[in-house]
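Peer 1: According to Swiss-Prot, the protein has these features:
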BINDING   11-12, 32-33, LYS39, LYS54, 77-81, ASN94, LYS145, VAL172, LYS180  NADP(+) binding site
ACT_SITE  TYR141  active site, proton acceptor
BINDING   ASN171, ARG182, HIS189, PHE203, GLY204, SER205, ASN206, ARG216, TYR295  substrate binding site
ACT_SITE  LYS180  active site, proton acceptor
Amino acid sequence: MTIIVTGAAGFIGSNIVKALNQRGITDIVAVDNLSKGEKFKNLAECEIAHYLDKHEFIRQVREHILPYQNIEAVFHQGACSDTMNHDGLYMMENNYQYTLDLLNWCQDERIPFLYASSAAVYGKGEIFREERELEKPLNVYGYSKFLFDQVLRRRMKEGLTAQVVGFRYFNVYGQHEQHKGRMASVTFHHFHQYREHGYVNLFGSNDGYGNGEQTRDFVSVEDVAKVNLYFFDHPELSGIYNLGTGRSQQFNELAAATVNACRAAEGKPEMSLKELVEEELIRYIPFPDALKGKYQSFTQADITKLREAGYKEEFFDVKSGVDRYVKWMLENLA
């Protein structure tokens, strides 16, 4: 049985491939666009059966000529995740139409389809629950994800031929994101800031939040891969699910966890947030004008629906997840 993973050389996709490998599954077709060549490193430690260029894959899907038999599932992680990309034509073709074509093909072939949605569909809302009236995306990236989620809702009412699951990822961090540049997680950037300069920067006050007090639902990519595989194991489950921890933690906590993990590797003692700020190991910079009115200052996944679907595993909190990630970066990127 073959499994297809799109975006397989990317951040979340490569972690799903790795998680499948840990189960002994290697009959995997990895689909990606390696024009950004350094992404190959994410697959170098993985076992796959074949690599297929994204554009060739799309052509074969649209023409119904994919040569693989007995496809067990498609994990669709290939998309543009740059929330600052305002090219609507590109975003809608890459995120919406590509996903729609894959959905149609999977439904025709009765293949389970698990895809990446995003918490960006909620915009600046304060309630993050999988309900239409709570969804007001702020940018074309969020809209592209939102629009496809509406397609799934309609298809579910009409009746599905095979499982379809959309995961609304919250703030994901962890190994294999180094190719993402400015779109990599704050933890990734703080690790390199601290290693280079001996301190990290956070946004100052904005939108009623104090220095570094903006909060997000930070979720480890290890947990994201686990949830994907849980639904792979339960093909009777379909729908749209938030994928976060259900906790909202301050950027201050994230920065402190990163700095203290780096300090621990240097044999230095843990410091409190107050001490880190006083010693200027955490510094605050003015909030950028370009982000005002477009920035989610608070996110917290309502994971009631995920729990009701039977997923019982605990999620890493910021400290434990960041500790694991920093150790990985020290071993692989430093």
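Numbering starts at 1 and runs along the chain as displayed.
For all residues, glycine too, the Cβ spot is worked out from N, Cα and C.
Describe the structural context of each listed feature in the structure shown, including burial, neighbouring residues and relevant distances.
Peer 2: When Cβ atoms from all protein chains are considered, those within 10 Å of LYS180 (NADP(+) binding site) total 16, not counting its own.
Under DSSP, TYR141 (active site, proton acceptor) is assigned to a helix (H, G or I) in the three-state scheme.
Sequence-distant neighbours of GLY204 (substrate binding site) (same chain, six or more apart, CB under 8 Å from its CB) are ASN211, GLY212, TYR284, ILE285, PRO286, PHE287, listed in sequence order.
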Peer 1: Rounded to a whole number, how many Å is the Cα of LYS39 (NADP(+) binding site) away from the Cα of TYR141 (active site, proton acceptor)?
Peer 2: 22
Peer 1: Can you count the other CB atoms that lie within 10 A of the CB of GLN77 (NADP(+) binding site)?
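Peer 2: Cβ-Cβ neighbours of GLN77 (NADP(+) binding site) within 10 Å number 28.
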Peer 1: Cα-Cα separation of TYR295 (substrate binding site) and TYR141 (active site, proton acceptor), in Å?
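Peer 2: Rounded to the nearest whole number, the Cα-Cα distance is 13 Å.
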Peer 1: I need the nearest neighbour of PHE11 (NADP(+) binding site) among the recorded positions TYR141, ASN171, HIS189, ASN206, using C-alpha distances.
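Peer 2: That would be ASN171, nearest by Cα distance.
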